[in-house]
Amino acid sequence: MENFSEVIQLFFSLENFLAIAAGVVIGVVVGSIPGLTATMAVALALPFTFSMQPIAAILLLVGIYKGGMYGGSITAILIRTPGSPASACTLLDGYPMAQQGHAKKALKAALYSSVIADFISNIALIFFAAYLAKIALNFGAPEFFWLICFSLTIIISLASGSMIKGLMAALLGILLSLVGLDSVFGSQRLTFDNYNLMDSISFIPLLIGLFAIPEIMEFYRKKAIPHIKAKASGVGLTFAELKRCMKSIVRGSLIGVIIGAIPGTGATAAAFISYSDARRRSPNKANFGKGEVEGVAAAEAGNNGVAGATMIPLLSLGIPGDVITAIILGAFMVHGLTPGPIMFQENLSLIYALFMGIMLSSVILLVVGNVAIKYFSLIADIPKSILFPIVLMFCVYGSYAVNNDAFDIGLMVAFGVLGYIFNRAAIPAAPFLIGFILGPMFEDNLRRSLLIGSNDLSIFVRGPITWFFIALTVGSIALALYRFVEARRKAQQGDSTSKSA
Amino acid sequence: MKNILSATCMAACSGALALSLMASTASADEWPTKDIHLVVPYAPGGTTDVLSRRVADLLSQELGANVIVENRPGAGSTVGTGRVARGGRDIDHTLLMASPGHTIGAAIYPGLTYDPVEDFVFLQNMVDIPNVMVVPADSPYQNVVEFIEAAKEENMTFSHSGVGSSIHMSGELFKTLTDTNMTAVPFAGSGASLPALLGGDVDVSFENMPTVLSHIRSGDLRALAVTSAERSEYLPDVPTLSEIGEYNLDQFVTTAWFGLIAQSSFPEEAQSVMQDALAKVMQREEFLDFAKQLGAQPGTVAGDEFKQFITDDLQRWEAVAEQAGISQ
């Protein structure tokens, strides 16, 4: 490559290295504070990049993005308060692990799977960007509709224990997701003329309320939870455990890559889809939700797999897939660069220098993450009577910080009560969340498809991608039904043998 | 002695009075006396936010005071705007970055708690960004007239970035003026709506210029017209809609405008300080470069002219919203 020396020259500058390192550190710290999301940090950092060199500017923002994606998992695992929406799935197994004294193991599993997923995602960005971007363009509303249908069938596998309770939770999630403005007509739905509800229910107060508050309420209800004498932070992740999780991490990363490459889906959905997929395939199925390390790994692989891949539509098509890449697009434009096919022709050296920086950010994440774990895992050793009042303060602050609005604190308290009821009645929260996240996507893409196709239903079977996801959806439902019938038959057999005995 | 005393007393009093008067004029001259808050009624990261942060940066240099950007997103832009309209502490040091959401929001959401014109003072229109009528590269329509003729025969779809966006309302305005068959297809933001247009799932869109400029240049999209009154310097060969001259399109002039406004109780002294500072900001090279990156023209109206502009904008969107049956 004739431009190689130029790439090296562009990349190897102190400013670039400092920018990546600073970005990852800021991302991890901000991501770990509930209510402060990576999106906010990227937006707030943008003005500082105006005066920087273009590559350093972009790498700073990318570093914050990647660090933030991982940082969210720290508080999710330690205090059951997801630092960002995408890490909501991580706490399903991460927090039970911390409770069992394996906080460090969970944090390490989250870090390693994040870094591996990040790496796979970067590889996909560097080598398959053009190809994946093409698939993304073929992914219209009907294709999306079937992808969401397939994802919704995942709820079946997440409804541990009672199927009825799982469905109840999922439907309640879908019902609450309807609150807000109608996407086609702009009319208000279930807002009761309250302006704060017009933009639908705020996700972060919902998450904090649903998970952190019930834990605190439970603590004060029981009053004396025995202190764990041993160091609660526990030991790290063994190589055997990492190896056991590897399949789920790789699959989760690929799920993240595909979802990240399609504009408009997001890391939260990727985490849940990866988690459910891992659970369905894992030999430790029964342990999921109770502190399974593979669950943490799958969730984190899913959301970090998205990080590199969202750069695919941005760099190859100039289309930002989410808010963060929209801000990064802004940073490109401030420096007179326009991402898209033309940039690959005109600024190829710059793109390669950028790729090198993005690869380096994965390595830095590994280093920064390890240091962060060393100190953060000490939180698990703080007595709950001291920790929980502090957590409660962060809950209130985090809920307020999203929109600078006291209404969201009320919202958090309301969801805290709901979460408490869920806990007491053994209703699983995961299907509720999936319903809340996927419900609007289901509705929007259904209506969008009908609008595009002028109400002609044939649009739903228009091409190979739709056929593929229809097959998956039908297969998934059939499998669940088969298992249900089989389990019932076995139970009846068991009944009759016990009777005959 | 008594006289001397009372005289001294008088002198002291009048001196104090004079001093306090001087002090009050001095402090008025000195506006801003504390940090200025710039309310952005959208989430971090959008065009409004990025522009606001740039303006805040330059403005704080001109005024020698901190200008703090506060994001208050929600319900179009009506939550943040409502807050500024309600007033409260520091309202004499609070600015609002208004955009088409200011007038469109008022046109489509019933029962707003504020009046988008009377409850505010209008300082300066900062930038105007035109929208571009774009079709996919393989679309059979080479110009606006061909498109309209076809849209009178069969139903066309147009994508937009959300109900009440300038992209959506431009499409509705086009449909109303030309009396064509068009269906709006909503997406969550331009990032999601653009693939639908590039992939040919929808027939046309009235996107913001910066979003589609690179795709027009790369040949993936074809620009049929721009929506501003004058041709854009970035697309000099593309006609304006008002140039078409037929199908009532001479009335079609819209831009996505961004301007600074404040609550109606904003002190007059502060208004003049602000207008002077903003005029300086708009001449700065950094600002002009930034506007260029956005594909924007620096705004031309300020004060009463800006108010009139908003009033007209509001009336137009109210008419379009009513015809299109949006929201109400």
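Each residue's number is its place along the chain shown, starting with 1.
Every residue, even glycine, has its Cβ placed from backbone N, Cα and C.
Residues or ranges marked as transmembrane segment by TrEMBL: A:12-34 (among others).
Taken from TrEMBL, the feature domain 'DUF112' applies to A:18-433.
Sequence annotations record features per position, and here TrEMBL assigns transmembrane segment to A:40-65 (among others). Non-local neighbours of the transmembrane segment (A:40-65) in the same chain are 10-11, 13, 15-16, 18-24, 26-27, 30-31, 307, 311, 324, 327-328, 330-332, 334-335, 337, 350, 353-354, 357-358, 361, 364; each lies 6+ residues outside the stretch with a CB under 8 Å from one of its CB atoms.
Residues or ranges marked as transmembrane segment by TrEMBL: A:109-132 (among others).
The annotation transmembrane segment is assigned in TrEMBL to A:144-160 (among others).
If you look up TrEMBL, you'll see A:167-185 (among others) marked as transmembrane segment.
Per TrEMBL, the feature transmembrane segment maps to A:197-213 (among others).
Remote same-chain partners of the transmembrane segment (A:253-275), defined as residues 6 or more beyond its termini with a Cβ less than 8 Å from a stretch Cβ, comprise 69, 85-90, 92, 116-117, 120-121, 124, 132-133, 135-136, 139, 144, 151, 154, 295, 298-310, 312-313, 319-322, 430, 433-434, 437-438, 441. As annotated by TrEMBL, transmembrane segment applies to A:253-275 (among others).
Taking Cβ pairs closer than 8 Å, the transmembrane segment (A:317-338) reaches residues 38-39, 42-43, 46, 49-50, 54, 57-58, 61-62, 65, 133, 136-137, 260-267, 310-311, 347, 350 in its own chain, all 6 or more past its ends. The transmembrane segment annotation in TrEMBL covers A:317-338 (among others).
The feature transmembrane segment is assigned by TrEMBL to A:350-373 (among others). Beyond the ends of the transmembrane segment (A:350-373), by six or more residues, the same chain brings 3, 7, 10-11, 16-17, 20-21, 23-25, 28, 32, 54-55, 58-59, 62-63, 66-67, 70-71, 74, 104, 107-108, 111-112, 114-115, 118-119, 122, 125-126, 308, 311, 315, 337, 343-344 to within a C-beta distance below 8 angstroms of the stretch.
The transmembrane segment annotation in TrEMBL covers A:385-402 (among others).
What TrEMBL lists as transmembrane segment is A:409-439 (among others).
The transmembrane segment feature in TrEMBL is assigned to A:459-482 (among others). Below 8 angstroms of C-beta separation, residues 138-139, 142-143, 145-147, 149-150, 153-154, 156-157, 449-450, 452-453 of the same chain, each at least six residues beyond the ends of the transmembrane segment (A:459-482), sit close to that stretch.
Tertiary neighbourhood of the transmembrane segment (A:109-132): same-chain residues 66, 69-70, 73-74, 77, 90, 94, 237, 241-242, 245, 249-250, 252-254, 256-258, 260-261, 293, 296-298, 300-309, 311-312, 315-316, 355, 358-359, 361-362, 365-366, 369-370, 373, selected by CB-CB distance under 8 Å and a gap of 6+ residues from either end. For the domain 'DUF112' (A:18-433), the model's pLDDT averages out at 85. Most Cβ pairs under 8 Å with the transmembrane segment (A:409-439) belong to A:167-185, among the candidate stretches A:12-34, A:167-185, A:385-402.
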